[in-house]
Ligand code: LLP
């Protein structure tokens, strides 16, 4: 559930009309709802009902400092994949002991920075990474907490670009060779084994792939136990889907209940790394219709947002709902392709949408809170949008619209 609703014919974000936000901050503009964000985080947290757990929000979904800070205030942990994300979490007031570090290509400087910060654990994804962590930890005179991200070879039944738990994917350590890596780690002077991790993909709409992966992880855990390697935590990754159109993913409570049923009787701290399910439906992208271009074959509505601002439709063919800021009947409903000004045929935000449109109308692209701003770019020298956070009737600017000077900041001319 989110807090973007119509009152009379006007779209509101919590108690604020989105048209007022556009008037004050311009378009395109990302608008987030604090109440939605917090509600979604709590839905995960409350689902554990006192059982030891840690929700490690996946920073890549939306890394704005204000969002990280609100989650840190709730007590959230964080799943990071780069030193840039580490710096963001620390700058936002996140606790190092609640940070887990995932990712297939951790550089030496990133490992060093994470060890110096004192993070909770590395999710090791490559055999050579374990040796590297052991060496860097030795140089620093510390012991590195590690868990292995195992690849359970389970079909997540999602878009191939965001499926990560099949053996042909680059992620994680083949679950069949994981035991060997654990044995190696157990012998290393500067490594402490603390857990196991598995993330099979994103935008999953069923629990069965999660449960299949968990069966394999638990079999590994039992095998480790029989060899005297005991773990403190199980990190079951992120990936719970959201409703973009008509998907019916399980609620966080049902998903967690299904996981806990499998755990029956075992005592491990459970970690989850949700991103999209927390922030996806807590954000919209506001955009203005610049021109209408009806042609003999297609009707194009050209808006001021583009693939550089929100790339999911162009990159994955993802469907995101597009709704008017003001529902009215000034004009007839037609079938429109909603396209941006970028010089690419792939620059669309939605195709075949029945809408009543006039130039100057304001539209909201829904479900844009996750993998929206974080995947934006400056392609076509377009400054990235402003971001605002609505809290009831209050609107806080949480990132200024980029300026033209920022577009070329750091660039340099050759000497004449
Ligand atoms: N943990 C790890 C190790 C991950 O790789 C990811 C996402 C997550 C957690 C969070 O997954 P979530 O709960 O958000 O599904 N750009 C794509 C999604 C890429 C997801 C990458 N990994 C999209 O826009 O659909």
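Cβ atoms here come from the backbone N, Cα and C positions, even for glycine.
If you look up TrEMBL, you'll see 29-369 marked as domain 'Orn/DAP/Arg decarboxylase 2 C-terminal'.
TrEMBL lists 35-280 with the feature domain 'Orn/DAP/Arg decarboxylase 2 N-terminal'. Mean pLDDT for the domain 'Orn/DAP/Arg decarboxylase 2 N-terminal' (35-280) in the predicted structure: 95.
Marked as N6-(pyridoxal phosphate)lysine by TrEMBL: 60. According to DSSP, residue 60 (N6-(pyridoxal phosphate)lysine) sits within a helical segment.
The pyridoxal 5'-phosphate binding site annotation in TrEMBL covers 239, 273, 274, 275, 276, 371. If you take the C-beta of residue 274 (pyridoxal 5'-phosphate binding site) and look for same-chain residues 6 or more apart in sequence within under 8 angstroms, you find 44, 55, 57, 58, 238, 239, 240, 252.
Annotation comment: TrEMBL describes 276, 312, 316, 344, 371 as substrate binding site. Taking all protein chains in view, 27 other C-beta atoms sit within 10 angstroms of the C-beta of residue 276 (pyridoxal 5'-phosphate binding site).
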Students should find that the Cα atoms of residue 273 (pyridoxal 5'-phosphate binding site) and residue 316 (substrate binding site) sit apart, in Å rounded to an integer, by 22
Cα nearest residue 312 (substrate binding site) among recorded positions (60, 275, 276, 371) -> 371
Near ligand 1, which of the binding-site residues show up if the criterion is a Cβ under 6 Å from one of its atoms? Options: 275, 276, 344.
275, 276
Counting Cβ atoms within 10 Å of each candidate's own Cβ, which of the binding-site residues 316, 371 comes out highest?
371
For residue 371 (pyridoxal 5'-phosphate binding site), which of the recorded positions 60, 316, 344 has the nearest Cα in space?
60
Which of the recorded positions 60, 316, 344 has its Cα nearest to the Cα of residue 275 (pyridoxal 5'-phosphate binding site)?
60
Starting from each candidate's C-beta and looking 10 angstroms out, tell me which of the binding-site residues 239, 275 has the most other C-beta atoms.
239
